[in-house]
Structures are given as C-alpha cells and as structure tokens.
Amino acid sequence: MIGLLTLAVFVATFAVIYRWAEGSHLAVLAGAAALVVIGTISGSYTPVMALRSVYFETLALIFGMAAISALLARSGVYAYLAAGTAELSQGQGRWILVMMALVTYGISLASNSLVTVAVVVPVTLTVCFRTGIDPVPVIIAEIIAANLGGASTMIGDFPNMILASAGKLHFNDFIAGMMPVCLILLAVMLVFFERRLGDWKGSEIPVDPVWARGEALRHSAIDRRLLSYGLIIFGVTVAGLILAGPLKVRPGWIAFVAGVTALGLGRFKDDEFFSACGGTDILFYGGLFVMVGALTSVGILDWAVNWLEGITAAHDRVRAILLMWMAAAVTIFVGGGTSAAVFAPVAATLRLDGDGQAAWWALALGIMAGSVAALPGATAGSLAMTQYSGFVKRHPELASAAAAGLQFTHREYVRWGMPLMGIFLVLGTVYIAVLVG
C-alpha cells in the first residue's frame with residue numbers, strides 16, 4: 001500500500017511538472033516533502049534516510065560548473081564566439097547550420113544546455129532572418145548538438161553529473177567512454193540534416209529588406225578581466241578533474257571550490273547570485289534525489305532491477321542494451337536529469353562482463369538519445385522555443401517570413417528528433433555490444 005502511494009505521488013509530481021515546467025523545482029520540493037511525511041508516518045522513509053539519499057557531490061558539481069559558466073557568459077566570450085562563427089558562414093544556410101552546431105557542441109562540453117542555447121539561439125535568429133534562411137532547422141540542430149556536447153563530458157550537463165556521483169566515475173572516464181561515440185553521433189547528425197535538407201543554400205523565406213539592412217549582427221563586448229578569471233578558473237578546474245583519480249579526490253568538491261572562487265571574482269549583482277550558482281537546479285535535483293530515495297526505500301527500484309534481470313536471464317549485453325532503450329523512452333517525457341536519478345540505482349546493480357563501466361555508458365547514451373527525440377526531453381528545448389516566439393513577437397515585420405518557413409512546434413521538432421533518436425539508439429546498441437563483449 002505504501003509502495004503504491006509513493007509511486008502515485010511520484011507520478012503526480014511529474015504530471016504537474018509536465019503541465020507547469022517553470023515551477024518544476026517547487027513541484028519536486030513539494031513531492032519530496034510529501035514522501036518524507038508519508039515515509040515518516042509509515043516508518044519506511046525517515047528524514048535521515050532522505051538526507052542520505054541525496055547525492056551531495058552532484059549538487060556540488062552543479063553549483064561549481066554553473067558558477068564557472070555564469071562567469072564565462074558574463075565575460076561575453078560565448079556570445080562573441082557565436083557571432084564570429086555565424087559571420088564566418090557567409091550567409092550560406094548549410095554552413096550556418098554546420099558551424100553553429102559545432103560551436104554549440106563545443107560550448108556544451110563545459111556549460112549546461114540552457115546556458116549554451118541562451119547564447120547561440122538569439123545569434124542564430126538574427127543571422128538567419130537577415131539572410132533569408134529558415135532558422136528552424138538550425139535551431140533544432142543546435143538543441144541536438146547541445147545534448148551531444150553535454151553527454152560527452154562529466155561537466156557538460158546534469159545527467160552525467162548524477163551518473164558521475166552514483167557510479168564514482170571521474171572526468172577521464174567520460175572522455176574515454178562517451179566523447180568518441182558522441183563525436184561520431186554528431187557527424188551522423190550533420191549528415192542527416194544535410195541529406196534531409198537537400199540543396200539548401202539560403203534565401204528560403206521572404207524577409208523585409210529594410211529590417212535585414214538595419215539588423216546588424218552585434219558583437220558582444222568582451223570583459224577581458226572576467227574572461228581571464230574565467231579561463232584560469234576553468235583551466236585549473238579541468239586540470240583538477242583530470243588528476244582527481246590519482247589524487248583520490250572526488251570531482252564534485254574540486255568543482256565546488258572553483259565555483260566559490262568564480263562567484264567571488266564574478267562581480268555578480270545580488271539578484272544574480274541565485275541564478276549564477278544554479279540555485280533552481282540545486283533545489284530541483286535535491287528534491288528529486290529525496291523522491292528517488294523514497295522509491296528505493298519501498299522496494300520499487302529493487303523490483304525494477306529484478307524484472308530487468310529476469311527477462312534478460314544471464315545475457316549481460318542484452319541487459320545493458322535494454323537499460324539504454326528504457327532510459328531513452330522515459331527521458332522523452334520526463335527529461336534527462338530525472339531519468340538519470342531514477343535509473344542510476346538500477347545501473348549501479350548491473351555487473352557486466354567486459355568494460356566494467358558499460359552500464360553507465362549505456363544509461364548515458366539512452367538518456368542522450370531520448371533527450372533529442374522531443375522538446376520535453378531536451379534540456380533546453382522549451383527555452384529555444386520561447387526565444388524563437390519572443391524574437392518574432394519583438395519584430396512583427398518578420399511574421400510573414402516566419403510563417404513562410406517551418407513552424408517551430410513540438411510536432412516539427414519530433415519530425416527531426418524522433419528519427420535521430422532511432423539512429424542514435426541503433427549506433428549506441430552497437431557500441432555497447434562491443435564494450436560488453
């Protein structure tokens with residue numbers, strides 16, 4: 001009975017989040033509080049157990065990398081890179097897509113997808129509308145590239161931070177286990193867009209020439225002092241993460257110290273501090289860990305592990321691949337961070353032959369594949385859609401041009417994302433099969 005009630009609260013919480021994404025951290029905190037109250041009354045989940053279920057190292061990673069990303073973004077370097085890359089494309093639709101996808105991937109290696117998309121999408125919209133190019137395929141490619149970049153490193157996005165803490169993984173493990181396959185998938189994605197768009201050179205939508213002439217691409221001014229601080233802190237942090245294994249120091253605490261330093265040097269205003277340190281994300285994932293702990297305490301995740309082992313018998317390869325596909329399916333609806341928190345305890349129980357970390361890479365690839373399928377699963381999908389609609393509203397003279405191109409809707413995104421999810425899962429299956437051996 002308690003198990004069913006716990007599961008019902010968990011499902012209800014994410015049903016609320018699905019309808020009210022902006023208040024997701026409040027919904028999760030309310031759900032976590034409800035589960036602690038239920039567990040305390042029933043004796044199945046005490047406040048001490050809830051506290052022990054939190055991956056504090058993950059929260060330290062989120063804090064540290066958010067602060068470093070905020071410092072670099074405040075310096076103007078991200079916007080400068082995006083604008084410079086867009087100008088190098090010389091107004092050719094194909095090159096705008098390729099180059100903006102590559103710079104998005106590069107930024108996402110160290111910054112979460114929300115920061116990356118917040119920087120590159122406004123630049124993309126200005127360049128595309130100025131040159132008469134439909135921006136929707138470019139933005140979709142950027143969202144997917146951001147997910148691939150985030151999946152490539154331990155510090156790129158929230159799911160990998162969770163997996164790093166749960167699996168006691170290090171920075172170098174992700175570079176060796178995830179980056180090579182993600183680079184292959186990035187190349188596959190670019191080929192997919194190339195083939196699907198065909199002879200796509202630009203001048204696809206009618207743009208008011210008066211607006212196009214007046215809307216110059218503005219280079220962001222770089223604060224060299226902040227940039228110097230940011231690059232030094234980031235460089236020292238990466239060096240520390242690389243050496244964390246030999247030094248027997250957990251990566252989260254290296255990132256935490258770096259984050260405190262970044263906040264101290266970043267000259268953030270009082271109303272910017274909470275955002276700069278990833279406050280909303282820390283609240284969300286802290287509450288989420290408590291909720292997942294409640295599922296574990298009543299045996300729901302143990303049941304899932306036993307079910308997975310039962311249907312796959314002793315076939316390690318099949319078990320890892322099934323975990324990957326299941327994670328992808330769940331991520332479409334609840335997002336990568338939630339899937340990572342839910343499936344991490346499952347992956348931790350899998351003992352596979354061959355590469356001992358294969359279960360973690362299977363889970364990471366499944367989460368990444370699911371995150372590209374639909375906007376609810378994509379970390380920055382909703383933000384990109386909001387930026388697109390806001391840009392068109394601020395420039396009503398672009399309404400006819402936007403209407404002439406592809407419409408940036410959930411359905412349009414799925415037309416691109418769902419086939420790519422299938423391709424990524426097939427290639428990921430081959431990769432995991434080789435690792436498990």
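In case you wondered, yes, glycine gets a Cβ from its N, Cα and C as well.
Record features, source Swiss-Prot:
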type	residues	note
TRANSMEM	26-46	transmembrane segment
TRANSMEM	53-73	transmembrane segment
TRANSMEM	95-115	transmembrane segment
TRANSMEM	136-156	transmembrane segment
TRANSMEM	174-194	transmembrane segment
TRANSMEM	226-246	transmembrane segment
TRANSMEM	252-268	transmembrane segment
TRANSMEM	281-301	transmembrane segment
TRANSMEM	320-340	transmembrane segment
TRANSMEM	358-378	transmembrane segment
TRANSMEM	416-436	transmembrane segment
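Same-chain residues lying 6+ beyond the ends of the transmembrane segment (320-340) with a Cβ under 8 Å from its Cβ atoms: 14, 17-18, 147, 157-160, 162-163, 284-285, 288, 308, 311-312, 346-347, 350, 352, 358-359, 362-363, 365-371, 373-374, 376-377, 379, 421, 425, 428-429, 432-433, 436. Remark: the transmembrane segment (174-194) contacts the transmembrane segment (95-115), by the rule of 3 or more CB pairs under 8 A. Here the transmembrane segment (358-378) has Cβ contacts under 8 Å with residues 18, 113, 143-144, 147-148, 150-151, 159-160, 163, 167, 169, 177-178, 181-182, 320-321, 323-336, 339-340, 343-344, 347-348, 350, 352, 385, 410, 413-414, 417-418, 420-421, 424-425, 428, 431-432, 435-436 of the same chain, all six or more residues outside its ends.
Proximity of the transmembrane segment (136-156) to the transmembrane segment (416-436) is established through 3 or more Cβ-Cβ distances under 8 Å for residue pairs spaced 6 or more apart. Taking pairs at least six residues apart, the transmembrane segment (226-246) and the transmembrane segment (53-73) share three or more Cβ pairs below 8 Å and count as touching. Here the listed stretches are 53-73, 95-115, 252-268, 416-436, and the one with the most C-beta pairs under 8 angstroms to the transmembrane segment (281-301) is 53-73.
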